[in-house]
Amino acid sequence: MLHLIIAEAELELVPESIRDHPAVVNYARRRKKRPEEAILDSTYHHAALKKLPDGDRRGRPDIVHICLLNALESIANKEGFLRVYVHTRNDEVIHIKPETRLPRNYNRFLGLMESLFKKGAVPEGLELLRIEKKPLESLIEDINPDTVFIMHEEGELIRPRSFGEILASHQNPVVVVGGFPHGDFMRPIEGTKVSLYREPLMAWTVVSEVIVNFEAALGL
C-alpha cells in the first residue's frame, strides 16, 4: 500500500488578521459567507496576502485540488493500492476515503473544503473526508510505514521508473509531496529525499509521476 501525503498544503480558512481586508470582505459577500468561513485563495485575496507572513506562498487550494484529482482517479487508487492524505500548514490532517469522487469544478471544490472545515467531516453520514488536528509526524507514526520518501528538488536524483520499482518493493511506503507553490518545507521531515527531475516540478506533476510509475512497477 502506497501512502501519499500532500504535506504543508496551503489550504486554510482566511486568517483572523485579514478578515476585515476589503478583498476578503467583498469576496465573502459575493459568496454569501462570513469571512471566517471562506478558504484563503490567492486568486481572490492577493492584496490581503501581502499582509501575512509567507503571503507569497499561501492561499493555494488549487494545488490540493489538482493533486487529489490526479491521485483519486488513478488506477492505483481504484485497485486499492493507494491511500491519500492532506496535511495543512496549520497541522490539520484530512483523511480521504478511496471511493471519494471530488468535484472537478474548482469553485465546488472550495465549497466542499469550506464545509469540511466547518463540520469536521463531509458528506453527512458518509464522512468521505474527515479533518482533525494532527501534526505530520503523528500522521506518519499512525501509518507506521517501512520507509518514508520526501520529494525534494535537492534530493537524490532517481529516474521515475526506478523510483516506482523502489516503491513497489516496499510493503507500506510513505511518499511526502509538498503542497505549496515554491520554497522548502517549513519543518524538517525524517526520511529519504528524492528528486525525479533535474529541475523543480509542480506538486501535481510529482504526484502523477510517482503514481504512474508505481502502477507500472506493480504491473497495473
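A Cβ is built for glycine as well, from the same backbone N, Cα and C atoms used for every other residue.
Neighbour list (Arg60 (site 'Interaction with substrate rRNA'), Cβ cut-off 8 Å, at least 6 residues apart, same chain): Ala9, Glu10, Leu11, Asp41, Ser42, Gly179, Phe180, Pro181. Under DSSP, Arg60 (site 'Interaction with substrate rRNA') is assigned to coil, being neither helix nor strand in the three-state scheme. Feature annotation from Swiss-Prot assigns site 'Interaction with substrate rRNA' to Arg60 (among others); the stated evidence is sequence analysis.
Annotated site 'Stabilizes Arg-60' per Swiss-Prot: Asp62, in sequence order. A 10 Å cutoff on Cβ-Cβ distances gives Asp62 (site 'Stabilizes Arg-60') a total of 18 other Cβ atoms nearby, all chains included.
Within the same chain, residues at least six positions away from Arg101 (site 'Interaction with substrate rRNA') with a Cβ under 8 Å of its Cβ are Leu72. Swiss-Prot lists Arg101 (among others) with the feature site 'Interaction with substrate rRNA'.
If you draw a 10 Å sphere around the CB of Arg104 (site 'Interaction with substrate rRNA'), it holds 10 other CB atoms from the protein chains shown. Feature annotation from Swiss-Prot assigns site 'Interaction with substrate rRNA' to Arg104 (among others).
Residues or ranges marked as site 'Interaction with substrate rRNA' by Swiss-Prot: Arg108 (among others). There are 12 other CB atoms within 10 A of the CB of Arg108 (site 'Interaction with substrate rRNA'), with all protein chains counted.
Annotation note: Glu199 (S-adenosyl-L-methionine binding site) sits in a coil segment as assigned by DSSP. Shown in sequence order, Glu153 are the residues of the chain, 6+ apart in sequence, with a C-beta less than 8 angstroms from the C-beta of Glu199 (S-adenosyl-L-methionine binding site). Residues or ranges marked as S-adenosyl-L-methionine binding site in Swiss-Prot: Gly178, Gly183, Leu196, Tyr197, Arg198, Glu199, Pro200, Leu201.
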Across every protein chain in view, the count of C-beta atoms other than its own within 10 A of the C-beta of Gly183 (S-adenosyl-L-methionine binding site) is 11
In whole Å, the longest Cα-Cα distance within the recorded S-adenosyl-L-methionine binders Gly178, Gly183, Leu196, Tyr197, Arg198, Glu199, Pro200, Leu201 is 17
Whole-number Å distance separating the Cα atoms of Arg198 (S-adenosyl-L-methionine binding site) and Asp62 (site 'Stabilizes Arg-60') is 25
Of the binding-site residues Gly178, Gly183, Leu201, the one whose Cα sits nearest to the Cα of Asp62 (site 'Stabilizes Arg-60') is Gly178
